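Quick look at what TrEMBL annotates:
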DOMAIN    23-123  domain 'Ig-like'
DOMAIN    127-222  domain 'Ig-like'
DOMAIN    227-307  domain 'Ig-like'
TRANSMEM  328-348  transmembrane segment
């Protein structure tokens, strides 16, 4: 009976072995962590995530391999670390008031066999200080070259500098210098040749950095240039006649403002009774002897320029009434010429019409005086001298 009872025990043990050897499906566990970039003084969040967790323990270590959180317990005495979320699939921790010393590689660790690790690199961004813009000279003369410098200090990583003049981007030359505290200073130089159109135009230094947006400073160009001169005729308007008065105004714009305006007459003297008041020239009772080129010369500290006005005085009789009289005379002459041409055409037409159908026939000459047909043919061929000429007219 003992042997009978032993057999079932043996079968039971083999059944246990066979059960333990049955294949089972085990899903692999994946540990994931993401890198973090944070601006100095702000808050960074580190997330350790697990796929298909089988109740394995998650912990977070700092760059010195010190445990920050073991499951939901914080062994590290740094109150800036706070638990945001803890579950079977995630351990999420925040770090407030981040400083440059917090930068480094943080370790997410999963207690499996073998243990798994994932890494989250924290990069601390330090924005640059206010950019400083300077120019080699404050005032530039037209056509000269100037140099403008823009400096961005104390940033991490190094900033980049761009230049704009108005709505046009310009290319500068930059240099990056690293400081002892892992910061960077960037200096950019811009050289450009200025024209009068650049006066008052802003040159903008734009600093690009991942920690800041729209960080810029600007400097307005101040360009000096020679005057621009134009002459305006105040009166008279239109053609100028003898006996009329003339007034010209010299208009000038420059930087600095023109300080001297002179009126001269090219190749001759200004009429003795002409009146010059500042930028105005006044001549009364014009005559043809005043014809010529009158020049307005304007200067400032940059240089001198001028503009010319050509005066041409016409006869006083050539006024509106004289013009109307001239037009009437011209119209009468044209009418007479047209009438004469019509008459000539009529006469020529009648003449050609009367002579249009006249021609001569010679085939019947001598035939009227011949006694018979043979004599008529002989007379028609050779009797031209003794026969009369016959004509036919078609009218």
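Cβ coordinates are placed from backbone N, Cα and C, and glycine is handled just like the others.
The average per-residue pLDDT of the prediction over the domain 'Ig-like' (127-222) is 94, rounded to a whole number. Counting residues of the domain 'Ig-like' (23-123) by DSSP class, helix then strand then coil, yields 3 helix, 52 strand, 46 coil.
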